[in-house]
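Shown next, in C-alpha cells, is the structure this report addresses.
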Amino acid sequence: MAVYQSEKKPQPSPPVRRIKAPQPRWIVFAVLISLFASILLVNGLVQGEFTQDGAIESTAETSNVPAEALTGGPIIQTDGTTTSTVSAGAKQIVLTFDDGPDPEYTPEILEVLAEYDVPATFFMIGSEIAKYPDLVQQVVDEGHEIGIHTFTHPELSGKNDWRRTVEMRETQLALAGAAGVTSVIFRPPYSSTVAALDDTNWSVIAEMGEAGYLTVVNDLDSRDWESGVTNADIVEAVTPDDGEGAILLFHDGGGDRSNTAAALRTVIPALLEQGYTFTTVAALSGMDTVNPAATTDERVLGLSLVGAVQIAKNTTTWFAALLIGFGVLTIARLGLMLVLGWRHARRSKQAGVWGAPYTRPVTVVVPAYNEKECIADTVRSLAASTHPVRIIVVDDGSTDGTAEIAESLGFPNVTVIWQPNAGKPAALNTGIAAADTDVVVMMDGDTVFEPDTVRLLVQPFADARIGAVAGNAKVANRTGLIALWQHIEYVVGFSIDRRAYDVMQCMATVPGAIGAFRREALRQVDGLSDDTLAEDTDLTIAIIRAGWRVVYEEQARAWTEAPTTVRQLWKQRYRWSYGTMQAMWKHRRALTDKGASGKFGRRGLLNLLLFQTLMPLLSPLIDVFLIYGLFFLDPVETAIAWLAMLAVQMISTVYAFRLDKESLRPVWLVPLQQFVYRQLMYLVLIQSVLAAIGGIRLGWQKLNRAGGLSALMTSGPRK
Amino acid sequence: MIYASTKLHENSGDSGAKVFVDNTGKRRKLVVLSGVCAAVGAVIYISAVVAGLVQSPQIELTTKGTVSTSPSGSTR
C-alpha cells in the first residue's frame, strides 16, 4: 500500500445505493407465518383437551321428548315427528367404545376383541380419527363398526347450528379420509341412557335424526372412566339383570383407560359363559352396515383434512421439541456468559494484569466519509488524549469538507489524508500504511473518545501475545425509545458478551468504533479486506486465526451516535448482519482448523451461527407459538414461562448495567423491547439471510448524523 | 493535507468475488422460486383446511340410518 502526494481531483458523487425490500419477499414471509399459524390452529383444535367442555346436568324437563324415546331402547330413530327405538334382544350384547381412537388403548382392546372373536362399535372423535387414521382403518378391517362422536367432544346442545354441523361433517370427512367410509350412527358426547333424555339433549338427537342419523345411547355404563375402579366393579356394572340384552359403554380414549382392556378379558368370557352373544348396531337395527362407503368427494376432502392434521401434529411436535432444545441452550449459554463475565470483571480489578504499563506512542486512524457534523468533536477528543498519540484522519472522498474541517483544527499531531472514495477498509488501510507505531488504534469518524480511552485501550499490548483489543462502545444520544433500546443492547453486548468472549478467546468482532491492533498482526493478515461489509469482524477473525489473542478492555470507552429512526437502524443492522454472515462464511474453515483458529471456529463461529443467526430466525415462529400457547395450551403456564424468560433477561441486563456502572433507569424498557425492537431485529436478519442466499450485493449505507457528541457526553447520561 | 491515491487491495476488487455475491443472478432466481413454491404450499394447506370447513356445510346424510321392522333386536 502506498501513500503519496497527488492532485485532488473532483470526484463523482458516490453511487447512491438503496436497500431494496421487494414487496413479494414480505408477502411470502406473511404467507409462511400464516401457514405456521394455521398449522398451530389446526393442531390446537385437534389436540384440545375435550374433557374441558363439561357436560350439563340432566333436567327433569321432558315435555318435548316423545314417550317412545323415554320408554324405548337405546337405538333411536326419529325424524322429528315419529320416533322408533331398538333394544338389544335377550342375551344380546353390543360392546361400544367412546372417545377413541387412542394409540395406546385402542390396539389393546382390538387385541382382546380378536382373541374372543367378538364385534364392537367404536364411537370415535373426529380429531382423534384425523390424528390416528391407521387405527381407524384397522378397526374397519377387523370388522367393527364406527360411529360419530363429534369432532371435538363438545356438549352439542350448547353449540349453535354451524358448530354442530361442523362437528358432525368434519368427523365424517375424517372418517372418509382415514378409512374410506362414513357412518350413520351417532352418540352425543356426555350422553347416558334413555332415562337421562330430556328436552335439552333431545333437541340434538331430533336434529341428528332428521339429518339421517340413528342415535345410540347405552344401557349399562362400565364406569371404566372412574378412578380406582376394579375389574370386579366393571364386571358387575356391565352384567345385565335377568338375561336381558344391553348396549354396554366402555372407553378407549379420552383419559386413562388402562383398566378397560384388562376388564374386557374378564367381562367377555364371563358373559359368554352366561350364554350371551355379542352383536352389532347394524344387526340390531336391521341394516347391512352402519358404515357405507364414502363418496369420492368425501374421500378427497377427508384425505386433505387428515393430511392437514398430520402435518399440524408433526410440525407442532417437532417445533415444540426444537423450542425446548433452544430454550435449554439459551439458558445454559446465558448462565455461562454470566459466569465468564464475572470472571472477566474480577480479572479487570487486578493491577498490572498485562505487565508493565504500555507508554509508547500509538497511532489513531480515523476514517471519515462526509462526517462534517462529527469530525471536529472526534479529533478534539483525540487531541485531549492522556496517551501520546499521532492522529491520522483519512478522508475517504468526502464531499462535505470533512478533511478541511479536520485540517483547520490546527492540532500539531493530526495528519489529514484525503483519498478518492474507496470504502472504509481502503481508508483504514491508508491510515495503517501511514502509521509508524507498533500499535494502531482505529475508530469511526462519528465517535468520540474520553481523554483516558486510548491509554486504557492499549495497556494489554504490554503482553506480547495480544494482537487486538476491543474497547467499550457506548451510545451517547440516549433520547428516544430506539436509541435507548440500542443503549441497552450495547451495554449487555459489551458488558457481558464481550467479557465472556474474551475469557473464551472467541471474540468475533473488535468494533469499528473503538479497537486497537498490533501493527505486526495487521501486517500478517494483510490489513483490512473489503470482501465483506463487516470489515471489523472479518479483521478480528483473521487476527485470531493468525494466532493472536484478542481481549476486551471495558474501561476504554468510546461514545457513538446511535441511529434514531427505524429506517436508519434498519439500514445499519442490515449491513451488520449481512456482513457478519459474510465473515462467518469467509472463515468457515476455522471450524475444522487446529489450534487457536479451530478453537475460535468451534466456539465463536458456532455461537454466531446458533445464537445470532438460527435462533433469531426462529423468533417469528416463537412469537406465533406464544399466542398459540395462550389459546390452546395452559395460558397461565405459557404466561409464566414467558415471564420467567423475561425475568432471566431482566436479571442479566441489570447485572450488565451494574458491571458497566450504568444507571438502571432504562432497564424498564426491556419488556417493551420484546414487542417492537425484537421483531425489527429478526425482520432485518431475515432480509439479510435472504440477501445472502440470493447472492445480492449490498453496499455501504451512510447514516445521517446529528453531531454534537461532545455536548452529549458532558450533559448526557454518563454515570 | 496529504492527497493519496489508493485502490482496494483485494485482487477481486469489484469483479464480483465478494462473499455471497452472485453476479449471475441464478441464486436470486432460485430464492424467488423457493419463496413462490413455499407460498404456494402454504396457500394449498390453508385452502385445504378452509375447504374442509366451507365446502361441507350440510349435515344431511346421503345414506340414512334406519331401523328395520324385523331386526334381531326388539323394536318399539
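Note: Cβ is positioned from N, Cα and C throughout, glycine not excepted.
According to TrEMBL, the protein carries these features:
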type	residues	note
TRANSMEM	A:26-46	transmembrane segment
DOMAIN	A:91-279	domain 'NodB homology'
TRANSMEM	A:318-340	transmembrane segment
TRANSMEM	A:608-633	transmembrane segment
TRANSMEM	A:639-659	transmembrane segment
TRANSMEM	A:680-700	transmembrane segment
Per Cβ pairs under 8 Å, the stretch of A:26-46, A:318-340, A:639-659, A:680-700 packing most closely against the transmembrane segment (A:608-633): A:26-46
Beyond the flanks of the transmembrane segment (A:318-340) by 6 or more, those residues with Cβ under 8 Å of it: 496-497, 499-500, 503-504, 607, 610-611, 615, 618, 621-622, 625, 645, 648, 652, 655
Residue numbers, six or more beyond the limits of the transmembrane segment (A:680-700), whose CB comes under 8 Å of its CB atoms: 15, 17, 19, 21, 25, 29, 423-424, 533, 566, 569-570, 573-575, 577-578, 581-582, 585, 613, 616-617, 619-620
Taken over the domain 'NodB homology' (A:91-279), the model's mean pLDDT: 93
